[in-house]
């Protein structure tokens, strides 16, 4: 595959060269290793069989990896290896097509998002991070209005809680929107997501009954989930792997800051205005974000930008043979969406490491959403807190998450240390997916210890700051665990990273939707201490698994049908 450096002379000779794939899926050009010009005639299309032509398209797509979550590897049809042989034997020039458009000079191409000025990249990171905050904040801000809605709609607490659960269920479906970005890019998903998010906020703000509230809340989560599922890839669109650490850490923090600050924002609104204003607040925020995205967030998805570049070259040269890899994709939207629906379940059924780690993170997110009901009950009963004061009790979790973000460089240094030890032992300098698990190993006892701390200090005779610190310890461990598990899934299942993360999101959000439905009743039945203690024992049972996978994960991956074996 070659990039045309001389667009106005498409039939001139081209140096023969070979493109090879690195471990991270990026392509590198080895033409610099060949001395002297080598003339290679352009073979007519008739020399290439239809079968070989389709295979070349798939290989081109394989080299142009997606940062979307649902990568182009998911578009490759691996049903027949004979097709690859056909390309190599029947049409050797198919792998060096001079009309396939790529970035000129790699990331230095002016059209490549990675060549943007730093200030513009950070503006985009800020806007997308606030967008993630808005969607996740919408789930938790609702919890402060329970009492008012129960009185106004003449319903029960469990029914009102369905508004939270259905919202999170909508978010759970988010990863399955990602394939649409493979065809249309990220920007249309952003705009459509917040447009529909705003539309479905209107009936919830004006609701006259609880049925309207629950239904509109589900579609809010569903619309907002499309933004959450696609926006993470924007970071990798603009930053190389060695510069991605800090922007990704900041971006990853925003979906957890949203739920942590939701009860405080909602509590202040309910105390000083009325409960409907929390929906007006989300409507105003999402409208401002929609405008900001329209004005300041361009398309960053590489395959779509290459498609635009190819169209520009065709227009400038009048030569219709130039094309971008995405234009030769043989997959349709239904097939791509179908794969995105099937593979997460295959990973859950056939990958024990992914299943156990998914359950672990699901329990943690379920606990976070369960606390939306437990914190008001505990702190109003034990310490006579009012609604906005209860909202402040979630700042322990917020501070812990910020601390976890700040220590991210330390984990990166530790991974480099592990890689250097491996080099001294084996002579090979390489990363292993298990290098991501030490922060989960450290986070696991913090989670269990923080829960025991919070649970058995939740009594009226213990100062309120003590259980609050315990919740912060839990939040710190939870942040370590989430970051480690997410990065491990991406590293262990590189070809199916999107499906692995989709399986995690499905299980995680299902638990988050279910836990609030029984949490309040559990705390009333078991008491504040033993209700939290029961949850702590559940995390205690899961505590050894991160260490087991760290020690023996490579052996397990060798027997896996989806994970990398080395």
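A Cβ is built for glycine as well, from the same backbone N, Cα and C atoms used for every other residue.
The feature compositional bias 'Basic and acidic residues' is assigned by TrEMBL to 14-32 (among others).
If you look up TrEMBL, you'll see 54-66 (among others) marked as compositional bias 'Basic and acidic residues'.
Taken together, the residues of the domain 'Major facilitator superfamily (MFS) profile' (124-556) have an average pLDDT of 86. As annotated by TrEMBL, domain 'Major facilitator superfamily (MFS) profile' applies to 124-556.
TrEMBL lists 1-77 with the feature region 'Disordered'.
Annotated transmembrane segment per TrEMBL: 123-146 (among others), in sequence order. Within the chain carrying the transmembrane segment (123-146), a Cβ under 8 angstroms from the stretch's Cβ atoms is held by residues 157, 160-161, 163-164, 167-168, 171, 190, 194, 197, 217, 220-221, 224-225, 227-228, 231, 234-235, 238, 247, 250-251, 253-263, 265-267, 269-270, 275, 278, 281-282, 285-286, 289, 292-293, 296-298, 300, 369, 372-373, 376, 387, 391, all 6 or more beyond its ends.
Positions annotated as transmembrane segment by TrEMBL: 158-177 (among others). Through the fold, the transmembrane segment (158-177) approaches residues 69-70, 135-136, 138-140, 142-143, 146, 149-150, 189, 210, 213-215, 217-226, 228-230, 337, 340-341, 344, 369, 372-373, 498, 501-502, 505-506, 508-510, 512-514, 516-517, 520 of its own chain, all at least 6 residues removed from its boundaries and within a Cβ separation under 8 Å.
The transmembrane segment annotation in TrEMBL covers 189-206 (among others).
What TrEMBL lists as transmembrane segment is 218-236 (among others).
What TrEMBL lists as transmembrane segment is 248-272 (among others). With a threshold of 8 Å between CB atoms, the same-chain residues lying at least 6 positions outside the transmembrane segment (248-272) that come near it are 125, 128-130, 132-145, 148, 228, 231-232, 235-236, 239, 278, 281, 368-369, 372, 375-376, 386-392, 394-395, 397-398, 401-402, 404-405, 408, 475, 479, 482-483, 486.
Summarising the annotation, TrEMBL assigns transmembrane segment to 278-298 (among others). Under 8 Å from some Cβ of the transmembrane segment (278-298) lie the Cβ atoms of residues 113, 123-124, 127-128, 130-131, 134, 137-138, 141-142, 144-145, 187, 190-191, 194-195, 197-198, 201-202, 204-205, 265-266, 269-270, all in the same chain and six or more residues away from its ends.
Counting only same-chain residues 6+ beyond the ends of the transmembrane segment (355-379), those with a CB under 8 A from a CB of the stretch are 139-140, 143, 161, 164, 168, 259, 262-263, 347-349, 385, 387, 389-390, 393-394, 397, 440, 447, 451, 458, 464, 467, 471, 474, 478, 481-482, 485, 488-489, 503-504, 507-516, 519-520, 523-524, 528, 531-532, 535, 538-539, 542, 545-546, 549. Under the heading transmembrane segment, TrEMBL lists 355-379 (among others).
Remote same-chain partners of the transmembrane segment (391-414), defined as residues 6 or more beyond its termini with a Cβ less than 8 Å from a stretch Cβ, comprise 144, 245-246, 249-250, 252-253, 256-257, 260-268, 368, 371, 375, 379, 385, 438-439, 464, 468-476, 478-480, 483. Taken from TrEMBL, the feature transmembrane segment applies to 391-414 (among others).
The annotation transmembrane segment is assigned in TrEMBL to 435-456 (among others). Only residues 6 or more beyond the boundaries of the transmembrane segment (435-456), in the same chain, are considered here, and those with a CB under 8 A from a CB of the stretch are 357, 364, 367, 411, 414-415, 418-419, 466-467, 469-481, 483-485, 487-488, 491, 528-533, 535-536, 539-540, 542-543, 546-547, 549-550, 553.
According to TrEMBL, the transmembrane segment annotation covers 468-493 (among others).
Here the transmembrane segment (505-523) has long-range neighbours at 157-158, 161-162, 164-166, 168-169, 171-172, 174-175, 229, 344, 348, 358-359, 361-363, 365-374, 377-378, 531, 534, meaning same-chain residues at least 6 beyond its ends whose C-beta is under 8 angstroms from one of its own. What TrEMBL lists as transmembrane segment is 505-523 (among others).
Tertiary neighbourhood of the transmembrane segment (529-550): same-chain residues 353, 356-357, 359-360, 363-364, 367, 370, 374, 434, 437-438, 440-441, 444-445, 447-448, 451-452, 454-456, 458-459, 481, 484, 488, 522-523, 556, selected by CB-CB distance under 8 Å and a gap of 6+ residues from either end. The transmembrane segment annotation in TrEMBL covers 529-550 (among others).
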Taking a Cβ cut-off under 8 Å, which residues six or more beyond the ends of the transmembrane segment (189-206) line up next to it in the same chain? 128, 131, 135, 177, 180-181, 212-213, 215-217, 219-220, 223-227, 230-231, 276, 279-280, 282-283, 286-287, 289-290, 293-294, 297
